[in-house]
Every structure is written in structure tokens, then in C-alpha cells.
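These features come from Swiss-Prot:
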DOMAIN    111-315  domain 'ATP-grasp'
BINDING   141-196  ATP binding site
BINDING   268, 282  Mg(2+) 1 binding site
BINDING   282, 284  Mg(2+) 2 binding site
């Protein structure tokens, strides 16, 4: 056993890698979690798999993990609920805390918060999934112009998203998104280039990694192209001049800090073709860590390999609240 392995075991103790879960993004989470687990174990970390869809919070507490790496995506893992449970249990965890996770999981709230901090985002409105009429849909299409992006505000991995290019397609696109949630986000389509910017750290120490540009066939960066296809082209670092690169990276850090993110996240943008203006799309607080994922790709360009990236993220694990005296007493009684 090397000194490095010994040091990591002593530093991190028993580590749980949480992946799988109950959201629509379970399949992606399984891929992310298996990659993270293997990476940590290859570094000598005492890491163990834990699937919250198959095991209870009581079992999580019984494992007595010293910290956990959250590799869950979507509801029940990326939306603040799990983070709250881990706070109650006093287990340090990776990624943003309760509030930042909850805000970032909600595309509507993310847009509102970031707009208030000067980060531009496409024009939008929110429609009720049950009461919106066909006439209202047509009215929105006429007001905003086509094409439009319709989204389920709390889903990710391109799940619950429809691009509507004709007035006749509004109802089908709306129905696709409405089956996931109580409201549907309608967003003005931005024609241009799709970018993503990983951000690592916290507060003043938050730093943006190299920008990744995503070029999917016919611009169709859907679930299949995102995780399984080899047809999508990724350019990292994205081919922009230094001034524009720094501008987008600064916007990414501003958005990250605006919602209160810590540890790591990924900030997605569209750059409008007509005037090269960037627009925030969303913030992912538990980004994918699969073989096709963008954070590892960007980190590699910056000089950090997959295993070392996992270690850096794990090292940032924390709880936001200090354990109460009651929790400290319970710990002493164990």
C-alpha cells in the first residue's frame, strides 16, 4: 500500500457513493456512480455503493459513512431533499447544499435568481399543466414567436423537453412536458451554439474550467446523443477568443454563486448566432460523470484526470449546518 493510498484512507474514512435513485434519470446515475466508485477505489479510497432506491435512510445512517459522494441525478437526489436528510444525519456530502440544490433543480427559479444577478437568460413564461387551454398555447406562440422550447422545470438529461417549430405542434409539445410536472416552462428558442462550463470551488474561490461546445447532428442534443451516441462533437476548449471565453466563464461563476452553489456544478449556455450574446439555460448541481460526460472532459483539458477529479470533488464534501448539541450527544453515546 502506498503512502498516497494510506493518506487518502485516513483523510476520507469510509465513503458512500450514492447513485441510482428513483428519478427518471436513474439510468444515467447508475453510469455516473459506477464510474465514480471505480475511480475512488482505484485511488485506494474505502468507497462503497449505496442506492437510495433500494435502501432506506435508516440503512444509510447505519453505514456510518464519514462522507458521501452524490452521483444521483434528478428528483430525490439533486433537488435538496437528500441534502436535507444528510444534514440531519450530519454526513458531509459533495455538491451544493439544500437551498442551492432546490433552486437549481427548478429551471424557473434558477432563471429568476440569475436574472436578478445580471446573468441573461432567454425570455420565458410558465403555464399550468392542467388548466392551460389550446387558445392560451396559441397566444403564447404568437407572442413569443416560433420556434419555442417547452420544458418540465425539474427534469434533466434532456428528459421532458420539446422543441416546437409550428403552431400545430404546441399541444403535442406541451402534453409531453405536462406529463412530468404541474407546470411547463415555455422559453424563447435561442438559435446558436450550445456551451457548458464546469465550475469548481466555492464563493471567491470558485473557478470555471475550460468551456465545452456541443455540436450534435442537426443540433439535436437529445437523451440518446447526450449519453450513448458517438455522433455528437465536443470542442474543448471551445473555439472562442480570450475575451469572450473569460466573459462566459465569469457569467458561469456568477450564476454558480447567485444560487449559492458550492463544491462543483455545471452551467449551461446558448450563444445566439445573430449577435454572439450568451444566455444561461440551467445549472446542474450533480453533473454527469459518465464516459460521455462534460465535466470530466473539461477537467482533462485543464490537466486533471477523471480519478483526480473525483478526489477533488470528494475533498470538498461538507455539511452546511453545525451538528446540534443533541446530535453531538448521540454521537458520543455510540
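Using the three backbone atoms N, Cα and C, a Cβ is placed for every residue, glycine included.
Distribution of Swiss-Prot features across the structure.
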{"residue": "141", "record": "ATP binding site", "DSSP class": "helix"}
{"residue": "148", "record": "ATP binding site", "DSSP class": "strand"}
{"residue": "155", "record": "ATP binding site", "DSSP class": "coil"}
{"residue": "162", "record": "ATP binding site", "DSSP class": "strand"}
{"residue": "176", "record": "ATP binding site", "DSSP class": "helix"}
{"residue": "183", "record": "ATP binding site", "DSSP class": "strand"}
{"residue": "190", "record": "ATP binding site", "DSSP class": "coil"}
{"residue": "268", "record": "Mg(2+) 1 binding site", "DSSP class": "strand"}
{"residue": "282", "record": "Mg(2+) 1 binding site", "DSSP class": "strand"}
Under 8 Å by Cβ from residue 162 (ATP binding site), counting only residues of that chain that are 6 or more apart: 149, 150, 151, 172, 173, 174, 176, 177
Of the binding-site residues listed as 141, 155, 169, 183, 190, the one whose CA lies nearest the CA of residue 282 (Mg(2+) 1 binding site): 155
Intrachain C-beta neighbours of residue 141 (ATP binding site), sequence separation six or more, cut-off 8 angstroms: 148, 164, 167, 170
Entries of 155, 169, 183, 190, 284 which, being binding-site residues, have CA atoms within 10 angstroms of residue 268 (Mg(2+) 1 binding site): 284
All-chain count of other Cβ atoms within 10 Å of residue 284 (Mg(2+) 2 binding site): 24
Those residues of the chain, 6+ apart, with a Cβ under 8 Å from that of residue 190 (ATP binding site): 122, 270, 271, 272, 279
Taken over the domain 'ATP-grasp' (111-315), the model's mean pLDDT: 94
Nearest-integer angstrom distance between the alpha carbons (Cα) of residue 155 (ATP binding site) and residue 284 (Mg(2+) 2 binding site): 11
